[in-house]
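S.K.: Here you go, one structure.
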């Protein structure tokens, strides 16, 4: 997720201070509050219906694949050892992919979607240990499929969709486009869901509820927390999909996946939860855990991991 400077400052600081001069002075001398951090609990590997997780999926907005590889992102991937690795915002043409990732023997089946029009923009990837039955790119609508935002893999028991959802952008200049995307993407997912259940992962570029970002009041007119984007996400849930993290941790505050690089936002944990695993409701009995690996560095987003019995 990218923001302009003014939006960044609002995101990091929240509401504007409209108090009196004396109040402002008092605020300046006040000791800064210690940040409230999220502690990722131990992984749960058994579902409610008693099955052991047999699928581990990791999703990470890497904010530039080449830079992320240089920051040793792949070392963490090897430690985490997911069955499938989904990446967003790769910003890299296929011909420029680093050899460190194209030659990874752990993931013999690799799929890339890149922007047709803009070099170094958007882009998603999916790396699999076992070969999917079928892989498709985009959502079947030309107006949405030029920016390399969606890969869908069909596995025997489910579909896996990874997405980098369009940002409404500074000044909300793409909000109308985003609203169109939300409608069309939801229709695409609903059509898949009729055939077999699905897992959707990626940077969905929206904090759904106030609990999902540090400063909701200061961001109601900013990209990622407008009423229109939040409603688009609500309609996705109403269509039969479940936010896996909120399903397991309904009251958990301060759990974020994105922090602007500005103003030490990450060390202060002034963040947003923009990265999700959504599941078809029929997969819920097999849900074991939905993890936010918030201590892992290498991007302005952290990775998230799903443990599920399918």
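Just so you know, glycine gets a Cβ as well, placed from its N, Cα and C.
So TrEMBL lists these for the protein:
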type	residues	note
ACT_SITE	164	active site
ACT_SITE	203	active site, proton donor/acceptor
ACT_SITE	301	active site, proton acceptor
BINDING	61, 89, 203, 205, 300, 301	Mg(2+) binding site
COMPBIAS	41-51	compositional bias 'Basic and acidic residues'
SITE	205	site 'Transition state stabilizer'
SITE	275	site 'Important for catalytic activity'
SITE	301	site 'Interaction with DNA substrate'
S.K.: Of the recorded positions 164, 275, 301, which one sits closest to residue 89 (Mg(2+) binding site) when you measure Cα to Cα?
M.R.: 164
S.K.: Please count the residues of the compositional bias 'Basic and acidic residues' (41-51) that DSSP assigns to helix (H, G, I), strand (E, B) and coil.
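M.R.: Within the compositional bias 'Basic and acidic residues' (41-51) the tally stands at 0 helix, 1 strand, 10 coil.
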S.K.: If you count other Cβ atoms within 10 Å of each one's Cβ, which of the binding-site residues 89, 300 has the most?
M.R.: 89
S.K.: Do you know offhand how many angstrom separate residue 275 (site 'Important for catalytic activity') and the residue listed as 'active site, proton donor/acceptor' by C-alpha?
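M.R.: Their Cα atoms are separated by 4 Å.
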S.K.: Of the recorded positions listed here (61, 164, 203, 205), which is spatially closest to residue 301 (active site, proton acceptor) when Cα positions are compared?
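M.R.: Comparing Cα positions, the candidate nearest residue 301 (active site, proton acceptor) turns out to be 61.
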S.K.: Out of these recorded positions, 203, 275, which one has the fewest other C-beta atoms within 10 Å of its own C-beta?
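M.R.: Fewest other Cβ atoms within 10 Å, among the recorded positions 203, 275, is found for 275.
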